[in-house]
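TrEMBL annotations:
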| type | residues | note |
| --- | --- | --- |
| REGION | 1-70 | region 'Disordered' |
| COMPBIAS | 8-27 | compositional bias 'Low complexity' |
| COMPBIAS | 28-64 | compositional bias 'Basic and acidic residues' |
| DOMAIN | 53-185 | domain 'C2' |
| REGION | 419-456 | region 'Disordered' |
| COMPBIAS | 419-431 | compositional bias 'Basic and acidic residues' |
| REGION | 499-585 | region 'Disordered' |
| COMPBIAS | 541-554 | compositional bias 'Basic and acidic residues' |
| COMPBIAS | 562-585 | compositional bias 'Basic and acidic residues' |
Amino acid sequence: MADKENVNPNGQSNGQTNGTNGNAQGGDAEKHSEGKLAAAKDKLTDKQQKLRDKNNPPGGHDDTPIPTARDGYTVKFTFHRAENLPISDINPRSSDPYIQATLTSTLPKRHKEDPDLVLRTPTIHENVNPEWNTEWIVAGIPSSGFRLKCRLYDEDPSDHDDRLGNVTINVGRIGPHWRGIRNESFDIKKRMGSKRAYFVRGCASMLNSNVHMGGILWMSAEILGESEKPYGCMYTVGRTYWFKHFSPMIGRLAGTKAPEDEDGINKGESEKSKAEKYDFQANQFQLQGPVPAELYHRFVEFKPFVKGMFSKAGVRGRILNSALHHQHSRVYNFSKSTENGIVKPKSEEASLQFLKMVHYDEGGRIFTYVLTLDGLLRFTETGKEFGIDLLSKHTMHSNVNIYIACSGEFFIRRLKHPKEPTDAPDQETHPNTDLPGGPPNGPPPEDPRNYELVIDNDSGTYRPKAEYLPFLKEFLNENFPGLHIVTKECTDKELDKMKEEQRAKKKKEGKNVNMVQNSDDISSSDEERLNNTGKKTKRQKAFDALEDPAKAVKEMMSGGKGRVEREEREAAEDRVEVDGGRSGV
């Protein structure tokens, strides 16, 4: 007979069992212990992953290949002239027009965030019938055609630029037998223009029947031939243009002073110079592409808010993104003081112009640079002037672009033996060594062979990979013939020593970037804010925005509200614009 468990009259066990319940309880405890151990391991793994993510945040070099294409052609666009533009400035009853052209095609991008190809023409001041004759040569345009959107603006450094209208050119097919566009006229769409710009024209047309509301743009486009392989992206090959921007406002913030006259002595001062004006120089130099495909870097998400700042996600992201765009437009501000020119591509003339823009080897200067995906080199002098930065000087230089080619710092040194390698045993350089035949006791020699360009990857925003610096060296060697190019990893101790030597020399013999200009790009409100020293710095305002975005909106966007509103309005207009054929045809 089988054993039976004794139960009480109520049907409950009297506690005499065969051990099954005890084993179950022990098993539950063991499982509980294993669960706690697994949770602890998961927690430790999460912490280790967060630490790895912190040390290696997303971003930096991106090895995504350029999409392939079956063909590509080189096309020269020419922006000839415009006629009958509206009067945007009541006094002197004229406009300061320029064109911003954006070129797109059916070619897929490496990433959708890659910027479009853009060209800005020089400004023709006080003219409603301007002549630019600006050429833009672009390679890699596919046979499936292109879309060229020309936005015409009135330059207004003290406010926001008014749009004078649009011309959109759609070409569905190109090839060796494409006839091109031969100095043809296109009607400028007024509905994309500023109401303020067309108000005066409307009043005049009501009083005089000979005054017409519509403007016209003359354009040309011709195929120069098949582009070099491989195909897959469009890039600028000409013209090699340069711009120098001067900003008294930034000069005030930076403490960068310009002397009163060429001798640096103010009239009425008998002994020592007393600088009265401020200035700051920013530079742009279009190099001939293509930029090496290996030079492709994304911003690094080193802080939680950085991703939102670049993608304009959330209130904080939008505020910081707009503020940095505004800062970029202030530093690279176009005005009557802006200088520009064209040089022969990949020539010693280009090398010499670059050396002029960095003031040769004078003063131990160090520059911050960004090289865009289309080969546009932007740079300014580095130093206390970047105490005005919001979060990152490279973010400002890139205009908050998600992807760029490379970024870092560079400086120029004069060689004792121009015909010898830069690493020759008896080679010496200025400014760390006093050398005859140049600054500070004489004018700099005007031959690029006398100089070396030391350039690095010192950028916390994009963190360019050191192993790709040889591609940067090759690209710069091609664009600046004669100039000795030396690339250095930012962690190189020798580079640190060289930079310290530059800074020491700047304290001893350095001159500020001096160029006396009229304050045509600083408004009275800017002057008022600058004279009030009790207000917060831009860096303080930026970090305040992280804590209280709503409060920071009014503080940070003062002075830039008009420009931001204009950009947002134009983006909305562009989205609703109906794509059609060529305007005026």
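Keep in mind that glycine also has a Cβ here, set from the backbone N, Cα and C atoms.
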- [ ] May I ask for the residues of the chain that lie six or more residues beyond the region 'Disordered' (419-456) and have a Cβ under 8 Å from a Cβ within it?
- [x] 348, 351-352, 355, 360-364, 369, 408-413, 469, 472-473, 476, 480-490, 492, 495, 498, 501-502, 505, 509
Open item on the list: Across the domain 'C2' (53-185), what are the DSSP residue counts per state (helix, strand, coil)?
Closed with: 3 helix, 62 strand, 68 coil
- [ ] For the region 'Disordered' (419-456), jot down how many residues DSSP puts in helix, in strand and in coil.
- [x] 3 helix, 8 strand, 27 coil
TODO: For the domain 'C2' (53-185), would you mind checking the mean pLDDT of the predicted model?
DONE: 92
